[in-house]
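Participant: After the structure tokens below, expect a handful of questions from me.
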Amino acid sequence: MWRLRLLLLTTLRLPPALAQESTVVQDGMKTLTPTAMGPREVGVLFLQESGIPSAQSYARMATPFPALTTFTVCYWLRLNRFREESTLMSYAVSDDKDNELRMDHRMSAYKVSLHSRWAETNLVTPFRYWTHFCFTYHHGSGVWNIYMDGKHGGRGQLPAVTGPLEANGAYVIGQEQDSMGGGFQRDQSFSGEITLLSFWNRILDFTTVRKLASCEIQEEGDVVGWSSLSWNISGEVSWRVQDLDEVCERATRHITIFHDRFSLSGALHLCKVMLASRPLVDSGFRGKTGGRMAVPKTEKENTWIYHTSRDRDNYCSGGQGSSYMWLGANDQEQERQWVYWQSGDKLSWEGPWRGAGPNGGLVENCLVMLSGAFPGRWSDIACLDSYEFCVPCEFSYRSRLYLKGPAVCNASPFNREYVLGKELGGRVTLNGYFHSDIFWHHQEKSWVIESRKVAGAVANWKPPEEGMYPLGTKTWAINGKVCGLRTGDTVNLTLSVCGGGQFTCADGTCILLSQRCDLRVDCPDQSDEAQCSVVDVPKGYRNTIPPPPISEGNPLSINLLIDLISFPSIVTQELTFDTTLALNLRWKDVRLNYLNLHDDRTLNLLSNEAVGNIWTPRVFFSNAHGNVFTNLDQGARVECIRQGHSKPGPPYLTHEMNIFNGYENSMEMGQLYTVTYGCDFDLIMFPFDAQICSLHFTLVSAAFSYMILIPYAANYSGPKDLIEYTIGRVTMKTKEEGEFSSVWVEVRFVRRYGFYLLTLYIPTTLLIAIAYCTFFFNPEDFNSRIVVALTALLVLSSLFTQTSNSLPKTSYFKLVDVWLFFSIVIIFIVVILQTLIDFSGNKKWFSCLDRKSSTMIQVLEKGEPQPTAPSSDPTFPRVVGQANMGMVKFGRMIIPTIFLIFNLAYWGSAL
């Protein structure tokens, strides 16, 4: 792990000059009357400069306060610490009228009270920057306006009042009055600086306000002027004179020199992690980006950097030459074209070079400052990590650091936000926004968090190596009572510049919180993929008790989602089918919170340990073969489903996280099963049948009065056309089986009858056609006709036997049985008709039907016997008479007619 070393910090700022003042001590208070100052100097009141909250520090105006109706008040303010209410000024005319005029610069917003009625805005007072405020009020209409730094920040209207702001009251800076001139509380006090306070008995126009804020004009109020005021001061209050340009300075850029040796990569990383990637103040003139390694922009700035750091040049150089400080530019892309490391922008100014300029050619592409014989000169050097020098960092705005962990609860004596302060013990301090500091204790060789408000509230961290900063997550020892912790307890606290929506890596690097636990390493130390728990199980949680319902009086809903993946086997003869399915159960557990959920649900997988700590439902596959229940065996997944919005984790958590509550977000348990089900196949329409088989799921975790199984979604994701069936629609419906809630999933299997058409219906039809064709044979050739018809009948009988053996045995006729029986019958009819045709062709029996024959009567005469031919069997000539031709025609007509009528009825019912 890359460890951030402790650095000595020096910031460019002129020390304030002390003002000459005349004071009179009376009744334990000092009366302060400022003396004359120079034309570009202003007197500044300092209150609670140490940061310790107190009800004793304030400045009360000794000059009589005038009566006001319509007025404007303007002032310059530099906030040193926030308080819970941070009352800058309050004006009371009696104990009952203690909020006649009050101005609060709270951390949440800037508020003004006039006649106990509040004018509220969303303006946030910039922390430790000089800021100009103006408040205007029109007595007749009650309309008010607020300006910050010359820009309009709010407008509203207060209820009209009849009287003015009365004169000769108690005007106090630094405290809020609960009674006239008293009733102070330290949480309502003010810590900061104020100057150029003025009142006008008119409304200043926007142009005038803008010019006052930009210091284009210097105009004191016509009823209250800053330079003419006298003050009664008490407690930690002082008066100093400062340069007006220092108050009016608008730039937020500053340079901080860290007097510790760093490699090039370490120096670049240091300047990056010491400032967050977004500005602390979002006003228009504030900075836009974080820190970078600095390069002086002017000769004055170059000289200041050298003079500030020259006393430590030998340490910074490591005693290895004149180079002692990195500068944040390089010319790697183009020789002698110096650009910033992070942005690639060209330098606007190049300082004094050693000799004639860079002389390292293409080998030396980094920039350093020299000391010794070349004081403040620049030189190029090879970009090697083996070199280690001190580093100046340039910041476009003031850095804010956040403290997180169990010692930072809501009522903690330790603050959450900190900024870089002055040096103490040779190292920079971190000043809390309210009333705690983090500083280096030189004697104990440890970093200390100390409350300025609660005595004895302290935490210590001893670095394992000299020079380490407490950035990142460290283990602190608690002294005193802090957030329920006791003396001697150790807790992990995280200190970093990472703000909302960011995660702090162990080395202090900030990444997006959405990159946390996304199966990709984003932190240099890989700490973003460690401790990736997605569920927060509260104390007292019992995994044997089901969650309470979302709405009171209703059972808990368990949504069932099923994806039928395949049907490996469908055995019609055994009335069973096998299916592979993915069964998911989704529910909400309002007792749980979920952490850092992703839109991609696969990243929200619970570990086996976490699954064992939470309640999960249990479902019985009630009509499956065997005793099958849902399980959490190998392959099971329990995931959190992101459905609602998150809120940032509280500061008492060590690591940043987004928290999703159990009311809006669901838990889902899924597992893959291969199960055998029975199905009552109805084969009466075989092979044109469609079977509806059901899969029964019963929720056995509790009775349906406590929880119900809800059909949520059913889908078949496999191929629709199987070997024997086509998968139709999949539907779900709710059932109640006894005392438990059940869901039936019904699947429609439509038999693919193409095989039977090809192997059964078409062959039988051809056999029928062959038998029918015998009616077109020679009527005199009976043998051929009858042999063909009988052969077709025999082949059909064989086909019928073979088909029947391959089908399940049923006590009822199937549609295919009807077809086969009809085929046998119609061929049998053909055989009968052929027999009748042949029979009708015998003249002995049907000669009487021949109309051309006639009866002849012959007279027999007695005579001599005549010789006769040899005797033989009698013969009957076969003739195609009218009777058997009619039978042929009858057969030719009746067979197609019967076949057509049957097919119309058959296929009409089948399809």
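Using the three backbone atoms N, Cα and C, a Cβ is placed for every residue, glycine included.
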Participant: Among Cys498, Cys505, Cys510, Cys532, which cysteine is annotated in TrEMBL as forming a disulphide with Cys517?
Facilitator: Cys532
Participant: What is the disulfide partner of Cys498 among Cys483, Cys510, as given in TrEMBL?
Facilitator: Cys510
Participant: Can you tell me the CA-to-CA distance separating Cys532 (disulfide bond) and Cys505 (disulfide bond), as a whole number of Å?
Facilitator: 13
Participant: I'd like the Cβ neighbour count for Cys523 (disulfide bond), meaning other Cβ atoms within 10 Å of its Cβ, all protein chains included.
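Facilitator: A count of 21.
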Participant: For Cys523 (disulfide bond), which of the disulfide-bonded residues Cys498, Cys510, Cys517 has the nearest Cα in space?
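Facilitator: Checked the disulfide-bonded residues Cys498, Cys510, Cys517; minimum Cα distance to Cys523 (disulfide bond) goes to Cys510.
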Participant: Would you mind splitting the domain 'C-type lectin' (290-392) into helix, strand and coil residue counts from DSSP?
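Facilitator: Across the domain 'C-type lectin' (290-392), the residues distribute as 19 helix, 27 strand, 57 coil.
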Participant: Could you tell me the mean pLDDT the prediction assigns to the domain 'C-type lectin' (290-392)?
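Facilitator: So the average pLDDT across the domain 'C-type lectin' (290-392) works out to 90.
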Participant: Against which stretches of its own chain does the transmembrane segment (755-777) lie, if we need a Cβ under 8 Å and a gap of at least six residues from its ends?
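Facilitator: For the transmembrane segment (755-777), the far contacts come to 687, 784-786, 788-789, 792-793, 795-796, 799, 803, 816, 819-820, 823, 826-827, 830-831, 833-834, 888, 891-892, 895-896, 899.
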Participant: Go through Cys498, Cys505, Cys510, Cys517, Cys532, the listed disulfide-bonded residues, and name the one with the sparsest Cβ surroundings, counting other Cβ atoms within 10 Å.
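Facilitator: Lowest Cβ count within 10 Å among the disulfide-bonded residues (Cys498, Cys505, Cys510, Cys517, Cys532) is Cys532.
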Participant: Report the nearest neighbour of Cys517 (disulfide bond) in space among the disulfide-bonded residues Cys498, Cys505, Cys510, comparing Cα positions.
Facilitator: Cys505
Participant: Given a Cβ distance threshold of under 8 angstroms, which distant residues of the chain, six or more beyond its ends, lie next to the transmembrane segment (783-800)?
Facilitator: 760, 763-764, 767-768, 770-771, 773-774, 777, 820-821, 823-824, 827-828, 830-831, 834-835, 837-838
